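Q: Take a look at what TrEMBL says about it:
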type: TRANSMEM; residues: 9-34; note: transmembrane segment
type: DOMAIN; residues: 9-502; note: domain 'Major facilitator superfamily (MFS) profile'
type: TRANSMEM; residues: 46-68; note: transmembrane segment
type: TRANSMEM; residues: 80-97; note: transmembrane segment
type: TRANSMEM; residues: 103-124; note: transmembrane segment
type: TRANSMEM; residues: 136-156; note: transmembrane segment
type: TRANSMEM; residues: 168-189; note: transmembrane segment
type: TRANSMEM; residues: 243-265; note: transmembrane segment
type: TRANSMEM; residues: 280-303; note: transmembrane segment
type: TRANSMEM; residues: 310-329; note: transmembrane segment
type: TRANSMEM; residues: 420-439; note: transmembrane segment
type: TRANSMEM; residues: 474-498; note: transmembrane segment
Amino acid sequence: MEEPYVLRLAFSAGIGGLLFGYDTGVISGALLYIRDDFPSVDRKTWLQESIVSMAVAGAIAGAAVGGFANDKFGRRSSILAADLLFFVGAAAMAAAPSPSLLVVGRVLVGLGVGMASMTAPLYISESSPARIRGALVSTNGFLITGASSCPTSSTWLSPRHTAAPGTWRWMLGIAGVPALVQFVLMVFLPESPRWLYRKGREEEAETILRRIYPAHEVDGELQDLKDSVQAEIREEGSRRKGLVAGVGLQVFQQFVGINTVMYYSPTIVQLAGFASNQTALLLSLITSGLNALGSVVSIYFIDRTGRKKLLIISLCGVIASLAVLSAVFHETTASSPQVGGRETAHFSAYTCPDYQSDISKKKNWDCMRCLKASSPDCGFCASAANKLHPGACLVANATVKGLCHGEDRLWYTRGCPSSYGWLALIGLALYIIFFSPGMGTAPWIRNLRRIAATANWVSNLIVAQSFLTLTEAIGTSLTFMIFGLISVVALIFVLICVPETKGLPIEEVENMLERRSLNFRFWERSKKPEKMKKKNTNV
């Protein structure tokens, strides 16, 4: 086997993961500055959710179209098309003069991300030896998570980021560069051997296999490929158990809440009591870095420990972390600083109308209630002496924000001052540490079907479009509690429906899924098929 060739192939295709990760990470930081440049976005939660989630809506269509393109035109051609869409979308976002055109750019980027998200791991899986397939697909996951931390760190480190209008434009526009790089690299790479064989181009498939496997293994791998493709053609449309496992993992990957953390991490940090954009970006960078670190851990362990064990450990940690987050945000809400009459009177010309008209204000108004005022929107100017002391409830606009900052006070429009903010950060860090090595990587290692990738993006859209609305309607604590309960259901699903596929060649995985019976003994190693034993391959 020519290791450098396989690694070059996997890395080039894995840049698709980098596109996916950069888009996920960049929007969380860019959204803070888009709100500053477009007042309509700052006022309307649904518009913020749309800017985030329209890329996901595009990805749904991209995954569906990508499935058709994968089968019709090949994996390599699909990746090239995804790169073009992503490049055009990035340019459109960078030049967008209004929120509506920004959304158009987000849709185009989403189309590219959706195609790349299902095609890149599929291409890597079909072009990699079984013994290192998990590690190579996990490398794709590492590029996703590593790229998600780059935009946040570069924005925070920029010396002009606090004052320069349009900071978000270069954040979004620079995403076109890796798409262009991948396009050039993929032009010089071959098609997937599995796709070529299925299309009757057997000699081309054999040539590529000889570059992937040692000479003495090629004939056996070619026969396995032939048998697998013939069986796939005969049984197409009938393999339901494999579909249930694949779709289920993709749906639960999103419904346990990961992309609320990735898309809205700076906003979550602000909800935990950290007021400034810069502080929120810096602290959210910690979660992005841990996400990348978790992917490195996955690369090392996934082919040694097995997918299912990692999934179970991952979900147990996610459940515990979400319980911590739910408890912390409950305490943050319960201990919200009061609105002080004297503090508010200090800014009498800008008093929040809802507070001013409420005759029971002296007893019932705290920071959380102030932030829920909507006619107009109001903000909380913390006490200069101590942010936890009573503060002022004022109209939320740039003038009032400037007055509040001018007296060395903190200005809150998302969350409220809290002494529990660091505990929330610990909860977020634990969530990422547990999620990334297992639930973050394992669902993508299987040979993805179109419906599985599409299910992932539909679930992603639902979560991205509803998170801010949920936090406003029922509170951040209950929102994380819901994610925790879904995680419990996900754990039960993995225990019952997902088998261990450690070391199995891609041709055997779906056959094993069809023979699968309910089995709670996840610690027992899967029995290796007879033909695998005879080949005595090191898996």
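Note that Cβ sites are derived from N, Cα and C of the backbone, with glycine treated the same way.
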Q: At a threshold of under 8 Å on Cβ distances, which of 9-34, 80-97, 243-265, 310-329, 474-498 pairs most often with the transmembrane segment (420-439)?
A: 310-329
Q: Please identify the stretch among 9-34, 46-68, 80-97, 243-265, 280-303 with the greatest number of Cβ pairs below 8 Å relative to the transmembrane segment (168-189).
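A: Checked against 9-34, 46-68, 80-97, 243-265, 280-303; highest Cβ contact count belongs to 80-97.
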Q: Given the transmembrane segment (280-303), which of the listed stretches 103-124, 243-265, 310-329, 474-498 has the most Cβ pairs that are under 8 Å apart from it?
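A: Maximum Cβ contact count belongs to 243-265.
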Q: If you count every Cβ pair below 8 Å, which range out of 9-34, 80-97, 103-124, 310-329 shares the most with the transmembrane segment (46-68)?
A: 103-124
Q: On average, what pLDDT score does this prediction assign to the domain 'Major facilitator superfamily (MFS) profile' (9-502)?
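A: Summarising the domain 'Major facilitator superfamily (MFS) profile' (9-502) by its mean pLDDT gives 82.
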